[in-house]
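Features as listed in Swiss-Prot:
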- 1-18: signal peptide (SIGNAL)
- 19-233: topological domain 'Extracellular' (TOPO_DOM)
- Asn55: N-linked glycosylation site (CARBOHYD)
- Asn99: N-linked glycosylation site (CARBOHYD)
- Cys157-Cys171: disulfide bond (DISULFID)
- 234-254: transmembrane segment (TRANSMEM)
- 255-265: topological domain 'Cytoplasmic' (TOPO_DOM)
- 266-286: transmembrane segment (TRANSMEM)
- 287-296: topological domain 'Extracellular' (TOPO_DOM)
- 297-317: transmembrane segment (TRANSMEM)
- 318-365: topological domain 'Cytoplasmic' (TOPO_DOM)
- 325-354: region 'Disordered' (REGION)
- 336-354: compositional bias 'Basic and acidic residues' (COMPBIAS)
- 366-386: transmembrane segment (TRANSMEM)
- 387-409: topological domain 'Extracellular' (TOPO_DOM)
Amino acid sequence: MAPRLLLLLLAFLRLGTTGPLVQGRGFRSPTVAWPSFFNFNQPQGVQETIQIPNNGSAPLLVDVQVFVSNVFNVDILRYTVSSMLLLRLSWVDTRLAWNASLYPQHAVTLPWDSLWTPGLTIQEALWVDWQDQSPRARVGPDGHVDLYLALTTETNCDFELLHFPRDQSDCNLSFYALSNTVLELEFRAHAVNEIVSVKREYVVWGLETQIPPRQLVPCFQVTLRLQNTALKAIIALLVPGEALLLADMCGGLLPLRATERIAYKVTLLLGYLVFHSSLVQALPSSSSCNPLLIYYFTVLLLLLFISTMETVLLAALQARGHLSARSSPIPTPRGEQQDHGDLGPHPEEAPGVKESRSWAEAADHIFFLVYVVGVVCSQFFFIGFWMWATCKSDPAPGEAIPHGGQPRL
């Protein structure tokens, strides 16, 4: 009883002082600047001296409220997402309770390192930045403890990019209490969406929490459901690609014998090659379930290549037939040989030249019709495939083998 009275007396005296006041038996002074339960750089030799509160035969129940205030820096090329969270941890520690009739204090605040706190680790975190380096816990007369932790973290996320730029992905933040077992500690988690800004490329349209089953250590998981607004990708990727394809079809209306047609087609092909090289760097890639846009733009490249090759081949065949017809002599009556030089600057073409030209133009016209029909059909086919296509990602290495991932029962 004496240590508890000494603890309460020191807690009440803190109202008139500025330093860390709650010290005594069973408490320790701060040893690191950051909270130990998220400090990845803390030496392994540092051991907790305060034991978890005893809740009898049942595990200690810690109620967790996760307030998500911002999600930003969604990088699909690095498969990372940054978020700002506020954690509210609540539990009951009867060792900190006092008689409210003798000490009429509604609540006291204690340093985080003066009492037991659950040691949490974010499994997917690359780094964690704390807004408050010295959080304080609020303790009620019944031993009810409230601890608020504000943090900014960057985590890994397995984006589902098959339908990019209209993709929807679930990003998980898994919190593990590795210093306790499920027989000692149990979490009950809730999530609240407090995001007020919608001016983002990726917006959070859903927020869920769950307790993963069959775990050896206590844990809870927060799932952020992200959806791409797609406006940037449509303007930067789809519009230029469709414009080049439409320009290529319009180029088929130029006469085959016009020298500008070959230059026009080659210029479009070279321009699309430059666009395609930058496109490959802008689109994400994955070991499985790559974006459908990668295949779509590859098909567009093949269509432009086929259209350019058709123009070059038919123009070459037409020119070769024209030269062969010019080189062969045309038999004419002797009386008409004197008048051959009076035909003017545009003499009548040889029959072989007309035949080769008409054959090439007919083939070009047929190819143009087939090409237009093929392009239109490919667009409808891709739209249907986009709507109905599904892809299941390959299992992660930690799930494919029995000994991988977190320990399971």
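The backbone N, Cα and C atoms fix where each Cβ goes, glycine too.
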*Summarise the model confidence on the topological domain 'Extracellular' (19-233) as a single mean pLDDT, whole number.*
85
*For the topological domain 'Extracellular' (287-296), residues assigned helix / strand / coil by DSSP*: 5 helix, 0 strand, 5 coil
*Under 8 Å by Cβ from Asn55 (N-linked glycosylation site), same chain, sequence gap 6 or more*: Leu61
*Counting only residues 6+ away from its ends, which parts of the chain sit with a Cβ under 8 Å from the topological domain 'Cytoplasmic' (255-265)?*
248, 307-308, 311-312, 314-315, 318, 357, 360-361, 364
*What parts of the chain pack near the topological domain 'Extracellular' (287-296), using Cβ distances under 8 Å and only residues at least 6 beyond its ends?*
160-165, 167, 237-238, 241, 280, 382, 385-386, 389, 391-394
_Which of Asn99, Cys157, Cys171, the listed recorded positions, has fewest other Cβ atoms within 10 Å_ = Asn99
*May I have the DSSP-based helix, strand and coil counts for the residues of the topological domain 'Cytoplasmic' (255-265)?*
7 helix, 0 strand, 4 coil
*State the Cα to Cα distance, in Å, between Asn99 (N-linked glycosylation site) and Cys171 (disulfide bond), rounded to an integer.*
46
_According to DSSP, does Asn99 (N-linked glycosylation site) sit in a helix, a strand, or coil?_
coil
